[in-house]
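Working notes, structure below.
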């Protein structure tokens, strides 16, 4: 039976249990929990400093009213980074390479920002659909275009994360397959290809973290427009 390169993105099951559920719950046991001691250990101190740093960066575009979202946004970013990084390990499954899962994150959070804007300042929220100074002939067309762009936002969030992770995993698998094929035939070329594979893996580690940050950062920008 031939194996497709896209088989790595299939949600496998074991004894009828989808392993995506295990993959989603596994990152929660990796992070150290707080203790009752006055002084934390080095790992917990490093974790808290990291969380405080990127939470501060996430809240820069937001005013004070949006700071109540800090816990949700920081937790989401940690969760996405964990899933993306664990998906780079051999023989693992990457849940964030599934468009349905990413849309499950993007759509409710985007919808929450829109509902907040409609509830708190409906005139300002609806004003985004029509730029100031628009000619009368272009008003109907611009309203339709801005409405479509508004509803495309959650789709863009999910597709961006899915496409970047899927492309990276496919490139790693293609190049690693080429290394195994070229090793007995052309060892020198195989070594050079393996070097490219190592560099690509380092790039994918950066992409895994950056895409999680971009996902949450765009949510904060959408939130800022509606508060």
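Keep in mind that glycine also has a Cβ here, set from the backbone N, Cα and C atoms.
Caution: TrEMBL annotation is automatic and unverified by curators.
Here the structure is a predicted model, which means the values were calculated and not measured.
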Please find, within the list 12-31, 32-51, the residue stretch that TrEMBL describes as transmembrane segment.
12-31
Leading contact stretch, 69-89, 101-118, 138-159, 171-199, 205-223 vs the transmembrane segment (12-31) - CB distance under 8 Å
69-89
Take the C-beta pairs under 8 A between the transmembrane segment (205-223) and each of 69-89, 101-118, 138-159, 171-199. Which stretch has the highest count?
69-89
Note: vs the transmembrane segment (138-159), the recorded stretch with the largest number of Cβ pairs under 8 Å from 69-89, 101-118, 171-199 is 101-118
